[in-house]
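Record features, source TrEMBL:
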type	residues	note
DOMAIN	21-133	domain 'CUB'
SIGNAL	1-20	signal peptide
Ligand SMILES: [Ca+2]
């Protein structure tokens, strides 16, 4: 029951925008970060975001800061990025540790992100900004 209450809590926070843990992001440009950033994210965090930009564009995400606990296969705390609108979409990247990740570009105008942390050891987390990458996509397909 406790788990259920936490999920309900976070879903409501995401919808209202307060707490900035997950949600549906519908702009062509914006930024997102882990909970409490630039403070440390909490233990047992779980946030999901879906970024949707204009049809015909692709979502491009670049990282400004990144720092999480690092474990084998990023099994402790990590950010997962998928090429679509759900957790079943194709995996683009699973990242953890303290290296600033390379930009991630979706194949369409929808990108799914999930951030999670385990029950101990917290860090600053991440901040990233997204924009529409139609120009980049055009250039790379002509190359
Ligand atoms: Ca942790």
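Even glycines carry a Cβ here, placed using N, Cα and C.
Here the domain 'CUB' (21-133) has a mean pLDDT of 97 out of 100. With helix defined as DSSP H, G or I and strand as E or B, the domain 'CUB' (21-133) counts 3 helix, 50 strand, 60 coil.
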